[in-house]
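K.L.:
Submitted below is the structure of interest, expressed as structure tokens.
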Amino acid sequence: MFRSGERPLGGLAVPAEQRDFLPLETTNNNNNHHQPAAWARRASAGPSASPVPSAPSSPRPAAALPASESTDPASGSSNKRKRDNKASTYGLNYSLLQPSGGRAAGGGRADGGGGVYSGTPWKRRNYNQGVVGLHEEISDFYEYMSPRPEEEKMRMEVVSRIESVIKELWPSADVQIFGSFKTGLYLPTSDIDLVVFGKWENLPLWTLEEALRKHKVADEDSVKVLDKATVPIIKLTDSFTEVKVDISFNVQNGVRAADLIKDFTKKYPVLPYLVLVLKQFLLQRDLNEVFTGGIGSYSLFLMAVSFLQLHPREDACIPNTNYGVLLIEFFELYGRHFNYLKTGIRIKDGGSYVAKDEVQKNMLDGYRPSMLYIEDPLQPGNDVGRSSYGAMQVKQAFDYAYVVLSHAVSPIAKYYPNNETESILGRIIRVTDEVATYRDWISKQWGLQNRPEPSCNGNGVTLIVDTQQLDKCNNNLSEEKEALGKCRSNASEPLSKHSSNSSSGPVSSSSATQSSSSDVDSDATPCKTPKQLLCRPPTVTRVGSQDVSLEVSQAVGKMQSTQTTNTPNNANKSQHGSARLFRSSSKGFQGTAQTSHGALMTSKQHQGKSNTQYYHGKKRRHKRDAPLSELCR
């Protein structure tokens, strides 16, 4: 939130009153009015579009908007941030968002957010009040915004395309990934940081830039060479996925910084939750880019580490720490109390605050006043935050977030209208509809949900017979069921306790999500759908060419002779003499079942009845291993 008389980053004018967020109805919101991006046009072309095109058919049209749509009517300046940043919420007024059951213009998905408020797709339930509810919502936000496997796959393909161009120029060059993509703390629209190691007298920035244009890896207008920066880089946008990539040369600290972040993440388990929320908070306000004066990911991470190091709470390292309390106190520290003009941040040796006047005289690039001083723990003479000249605007945004969240978790918040359904975190963070659509497109292009899973039995063998045909097989076994009917009725009482502890063959159908946990006798691949487990007929199992019914007659004879003396306690004692079946592969039984007398094994039935199986010290195959022809005989 920018205060009166100040201008946000990017040169956009701000009137006297705060207008960081404007009503949804205003014409200033162009999120859903500009032409679709390249990935959106290819998605509408159909599923036949290649996920890795060698040459894109057309450039991104967002750079050539009509004048009526690309200009802010209030400020008269080009609304470029809407096109460059899908996550930008400039032009939205959170307090004026109304309940909606669908997509709000520029507000994001409402259907994913419990169908109540737009822009909060992580909100799938009602939370508790106060900081407890904020903690729960931060957890859900982290789960929703965490990288998906298909997003990682898509990014690796982008890296492969760029690496192939680099290898073509310099076969001995080494390309490595660092930054948020390396650590896993990246948002759906975060960029990819690459570093190229090689032997050059002069950095080949323009050589690589020309090669990237020639191979059409990047959009023609997106490739930029920042040769005057402290760390010269090449910035580009992938022509197909619109993923932004930064390429540097021979920078060792980038890879080392990724390892440092992983170490701190292990020490402070709360860090990933805080960092992801803070990155989204800055990203949607265009305060995350260093070359525009914002705070980069590495600086933001070090600020969070310093906050936890010097935090007065003793539970900062405990995994179940309340994330809501820590987030509010982070905003309070860096939004109100931290003195940016006189105080610097040091992470090394447990963390401390230092006087900027003393340490900046010994900096590598000489004495230069810096608005935000953060000492690099990997190179103490390096000021990580020296390029963040817009740190005061970030400070004001943090102060705004502290005020909003403090009121949202206060005791009087329960008297606010819609306090039970309104998102607390959504007061300062929103996910735009463009980001949600972009993630859906990635899931369709690189996800696994469109690949049909073949039906299988319990051993992971593909079924060539329809499940309904297998159900008919159950009707052909009525005679065999009647043959065992009497022994079931006579042994029903002693089996009630014995069956609860005995090993069971088929997987219980009552647990659809844990289809493999109930089968303790099988190491084979479990069936992925419980519906297919229901179709296995409860037939008498064969052992090689011998029928188990021979063993059944022997076991029933012994049971009838001792039935008058057996009690439930004796039935439980016989449990200790029984042996479990162990099978190391789907080829057949490989263990031995040894018992002093006929042991009665009971299996759970998926059709509501209990079926008993008897064996007497012989090797047998599990019923899942029976051939399909035997099941339907």
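Note that Cβ sites are derived from N, Cα and C of the backbone, with glycine treated the same way.
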K.L.:
In Swiss-Prot, the ATP site includes Gly254, Ser297, Tyr298, Asn382, Arg386. Which of Lys235, Lys279, Lys361 does it also list there?
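P.N.:
My reading of Swiss-Prot gives Lys279 as the candidate in that site.
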K.L.:
Would you mind telling me which one of Ser100, Ser388, Ser545, Ser596 Swiss-Prot calls phosphoserine?
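P.N.:
When Swiss-Prot is consulted, phosphoserine appears for Ser545.
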K.L.:
Scan 72-78, 618-624 against Swiss-Prot and say which stretch is down as motif 'Basic, involved in binding of the RNA primer'.
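P.N.:
That would be 618-624, per the motif 'Basic, involved in binding of the RNA primer' entry in Swiss-Prot.
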K.L.:
Looking only at the motif 'Basic, involved in binding of the RNA primer' (618-624), what is the mean pLDDT?
P.N.:
46
K.L.:
In the domain 'PAP-associated' (322-382), how many residues does DSSP assign to helix, to strand and to coil?
P.N.:
22 helix, 15 strand, 24 coil
K.L.:
Roughly how many Å separate the Cα of Arg386 (ATP binding site) from that of Asp193 (Mg(2+) binding site), to the nearest whole number?
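P.N.:
That separation, Cα to Cα, works out to 20 Å.
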K.L.:
Within a 10 Å radius of its Cβ, which of these binding-site residues (Asp191, Asp193) has the fewest neighbouring Cβ atoms?
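P.N.:
Comparing Cβ neighbour counts within 10 Å for the binding-site residues Asp191, Asp193 gives Asp191.
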K.L.:
For the binding-site residues Ser297, Asn382, which Cβ has the most other Cβ atoms within 10 Å, all shown protein chains included?
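P.N.:
Counting every other Cβ within 10 Å of each candidate, the maximum falls on Ser297.
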K.L.:
Under 8 Å Cβ-Cβ from Tyr298 (ATP binding site), six or more apart in the same chain: what's there?
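P.N.:
Non-local contacts for Tyr298 (ATP binding site): Gly179, Ala257, Ile261, Val384.
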